[in-house]
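A.B. asks: Can you read through this structure? Questions will come right after.
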Amino acid sequence: MEERLSTTSSYPSHPGRSVEEDHNTLLASSSISSIIRGTRGHLNNFIESVGNWLVPSSSGRDDDAVSLDSCQSVYSPVRHHINSGTGGGILMEPSSIHVPENYYSVTIGEAQMVVLKRYQNLRLIGSGAQGIVCSAFDTVRNEQVAIKKLSRPFQNVTHAKRAYRELKLMSLVNHKNIIGILNCFTPQKKLDEFNDLYIVMELMDANLCQVIQMDLDHERLSYLLYQMLCGIRHLHSAGIIHRDLKPSNIVVRSDCTLKILDFGLARTAIEAFMMTPYVVTRYYRAPEVILGMGYKENVDVWSIGCIFGELIRGRVLFPGGDHIDQWTRIIEQLGTPDRSFLERLQPTVRNYVENRPRYQATPFEVLFSDNMFPMTADSSRLTGAQARDLLSRMLVIDPERRISVDDALRHPYVNVWFDEIEVYAPPPLPYDHNMDVEQNVDSWREHIFRELTDYARTHDIYS
């Protein structure tokens, strides 16, 4: 557990991570050449060859597809041989369902996809309980894309509401550090037949589950963190809290561009104080969420701090075995909070916390010792001490004392990248908060179908 994991090991730092939690992995099969920041001249010696930096080795065979049910499968691939009778890793066969004009049907593994004809050469790159993700070539845009099919989106109210949120929020946001929607469609033309939802997105090269296994220099660590903060600030500017930040929901390209995805659990700041604590994958769950205090925007700052620390350590910071153990893991390292924090807890929760063993905080110089950081190049303006200082401000149990996104962006460890166009990008279009009232599955189905119909009317989804 204490060692930095190799790319051939399993992922013991993520026990119990569910299939549903990690179905969004987007992993392209193409090779990676280099990580290039672009035209900024803030740092010297940043552009270098990193051909083997980002993507694990692959046989590259078209008839092999990796099942990405969890982060573990990235490092210990389970290969599923897919019938390649037609080439390209897919099996085309007559469909038992009606296939409308401009669509075609393909079977990928055990899943049937009915997609627009503009998307060719589908390959399975991710699968999970809530859906599958395929890469495809968009013959209209002349580029590779990712197509996500949501499995059983109307199985229950929770799935339906999450599907609506994901589709709606993706269509509203417009920021370089948030995954963009390129198209969305359903092959069903009538509401009473509507069951399948497809979302077309940008295809990325890896997620942070893989990047965590790499040895990163300060420039890459800093730039990845800067982009996470920019993307989250964009959501917060519209009053949207992501709530489910984790390495598998953050993806990167070979040029080091980072994007945040999966908005199925996103909530408005207004709602936050009425929300259940069971949001966010456990390891990245903020103390105020664990203790049922309600939360505000900087709940996402805690999650980003956990991810940042994981990038440095190479393993999960607080790998709790259950809800209670998660709190214990946090205070074992950061110490039991003071009385001003405890007084804000509900009486029953406060009584429980006060009766737990008390812990003294371990200094951040010990939690993140110098040998965990890359050596600082003579030409670099970034240091391990700066990174450690920022972590100490993000991983604060009391949310009232935790650093804000805006202040984190001004911190010396990330402000070398500061660009007002990126940081202060126009906020997303407003989200209709009235949609968050309780509704049944049929109502959510109708709302999603209307969204798809409106999208098709205002966009040329075919060509």
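Any Cβ shown, glycine's included, is placed from N, Cα and C.
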A.B. asks: Select, from Tyr198, Tyr278, Tyr413, the one residue given the annotation phosphotyrosine by Swiss-Prot.
C.D. replies: Tyr278
A.B. asks: Swiss-Prot annotation phosphothreonine: which of Thr186, Thr276 has it?
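C.D. replies: Per Swiss-Prot, the residue annotated as phosphothreonine is Thr276.
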A.B. asks: Enter the number of other CB atoms within 10 angstroms of the CB of Asp244 (active site, proton acceptor).
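C.D. replies: Asp244 (active site, proton acceptor): 24 neighbouring Cβ atoms within 10 Å.
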A.B. asks: Taking only the residues in the domain 'Protein kinase' (119-412), give me the average pLDDT of this model.
C.D. replies: 89
